[in-house]
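**Q** Questions regarding the structure given below will be posed in turn.
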Amino acid sequence: MMFCKLLRCQNGIASKRAALSLKGFKTSSINLVEKKLNKYSETITGPKSQGASQAMLYATGLNEEDMKKPQVGIASCWYEGNPCNMHLLDLGRRVKEGVKKAGLTGFQFNTIGVSDGISMGTTGMRYSLQSREIIADSIETVMQGQWYDANVSIPGCDKNMPGCLIAMGRFNRPSIMVYGGSIRAGHSPCQNNAPIDIVSAFQSYGEFITGKIDEPTRHDIIRHACPGGGACGGMYTANTMASCAEAMGMTLPGSSSYLAGSPEKFAECEAAGSAIKRLLVDDIKPRDIMTRSAFENAMVLTMTLGGSTNSVLHLIAIAKSVGITLTLDDFQAVSNRTPFIADMKPSGKYVMEDLFAIGGIPSVLKYLHAEGLIDGSNITVTGKTLAENLRGFKDLAEGQKIIRPLSNPIKTEGHLRVLRGSLAPEGSVAKITGKEGLNFTGKARVFDAENDFIAALERGEFKKGEKTVVIIRFEGPKGGPGMPEMLKPSSAIMGAGLGKDVALLTDGRFSGGSHGFLIGHVDPEAQVGGPIALVQDGDVIEINAVKNTLDLMVDEKEMARRRSVWKAPPLKYQQGTLLKYARNVSTASKGAVTDSLE
């Protein structure tokens, strides 16, 4: 096999692992004539009545033989202005070459994208979650409108992965996701070449305004945090969702761990051609792979790794695309029985580059399967079960310090907690690793915009020893709109050394890079008159991550008085894409989807 030869010429254990993981996809012996694999594209390539369609395809360079081949849509979330995405066009070309070698016809197309890291802390972040829906809509539109028989999608940044998987669930034709890969760690010359990443850049501002670092050090950090292409390196949203996709069986083994620009990633791209051909032959579709058991596996992996709160929104939305209902209670049930064992950023020390060196996500899955935490019987895009795929991988490296044994976890239960109570009757999602404690009671400081909080922090209005619950509201699906991520405020709190003194609560979201005492996705949101809209400065708020409660300690009589005089503010946008989004988006607890009939 060509891709195995490519890997064999590379040095090192990682390349050998990749060769082992990708073997078994050789399908050149399959006779496409024996089994019709172009059952969708034949709608336009077959009938004489579709002569105009065929004329346009000939114009693209197809010949008579090509017209009989299955057509594969190769979707890339490529754009130049983001390290997570800037290399994806090249990966798409490599996938197309693999598709061609497998005897199929590949057509590349693109989606839009929004960089969370670049838009963070600005109104541009309102477009981030919405981009998930546009990505899903665009891939679905091209696949259905062009009658492609199969799909390979290549995502990079946070919302790309769920957008691709939602689309695959909707059109339900043989599909594979090829993750763009993680960035390598940066190093700060001003700090003895200490490893740094994008969250280091975010936290540098809080460190600077509190005098912990000087301006040359701050600039050094932001200059060296991101050394090249690839998604943010910690167990943030991109790596969380790529790992979830692999756990569900929608990627080739190892995809979520292979670094951007690595020989393993290039080999995976070529192998996708043979793999998609096998899926066509066996007629294995996304809804055959993304079963309830597969989603359970993804939730378990997320809890063990300390993954992003965004996984809750995204997995609920992906499940909906394949006709499965996931709820907040499903996540809490998994969290109750799943230990948190990964010492990975943002709450820990290591990044995906380090995890890859000890075996990557396949070795983690192999360990969890051996311990009975995940179901290995689920079918995957290899045509084999998850357990069969994992046999080709080594156990976690002996003596490694990144993944703890289940007998000695960082936390005996998962870090994601679903909290309900008088402040969040329909639920909220907390990211609590235990380092910041399990309970928090403090007085509310209420802000209707995140930059108002940043200004208050700059003025020194928050002190150590004063327990404060900062509320940033009107940032929900409709009110934001788009549930902007609060990485700028959470990073500023941690950078200022206030992680144990200030809890942050919002109807918006948190980046996968956030850490601290954080509660997001508060439902109902402020825009629709949820209790969070009625909170006033000085109100006492009690957070209990053991009992999973979130309560506003204000009596019902006073709440009724506040409710009687409250009026909903107008939507922030009166035209354009965000108005359409605000009018159609569901609640956070339902995944913030825009194609619901409810």
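Heads up, the Cβ atoms here are built off N, Cα and C, so glycines get one too.
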**Q** According to Swiss-Prot, Cys84, Cys157 bind [2Fe-2S] cluster; which one of Cys164, Cys190, Cys232 is annotated to that same site?
**A** Cys232
**Q** Among Asp116, Asp197, Asp448, Asp523, which residue does Swiss-Prot name as a further Mg(2+) binder in the site formed by Asp158, Glu485?
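**A** Swiss-Prot names Asp116 for this Mg(2+) site.
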**Q** Least buried of the binding-site residues Asp116, Asp158, Glu485, going by other Cβ atoms within 10 Å?
**A** Asp116
**Q** Using DSSP and collapsing to three states, where does Cys84 ([2Fe-2S] cluster binding site) fall: helix, strand or coil?
**A** coil
**Q** Ser511 (active site, proton acceptor) has how many other Cβ neighbours within 10 Å of its own Cβ?
**A** 31
**Q** Other residues with Cβ within 8 Å of the Cβ centroid of Asp116, Asp158, Glu485 at the Mg(2+) site?
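**A** Neighbours found: Gly117, Ser119, Met120, Met125, Ser128, Cys157, Lys159, Thr237, Asn310, Leu487, Arg509, Ser511, Gly512.
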**Q** Taking the mean position of the Cβ atoms of Cys84, Cys157, Cys232 as the [2Fe-2S] cluster site, which residues outside that list, in the same chain, have a Cβ no more than 8 Å away, listed in sequence order?
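**A** So the extra residues in range turn out to be Asn82, Pro83, Asn85, Ser115, Asp116, Gly117, Gly156, Asp158, Ile183, Gly230, Ala231, Tyr236, Ala238.
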**Q** Whole-number Å only: compute the distance from the Cα of Glu485 (Mg(2+) binding site) to the Cα of Cys157 ([2Fe-2S] cluster binding site).
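**A** Their Cα atoms are separated by 14 Å.
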**Q** Rounded to a whole angstrom, what is the C-alpha distance between Asp158 (Mg(2+) binding site) and Cys84 ([2Fe-2S] cluster binding site)?
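**A** Here the two Cα atoms are 9 Å apart.
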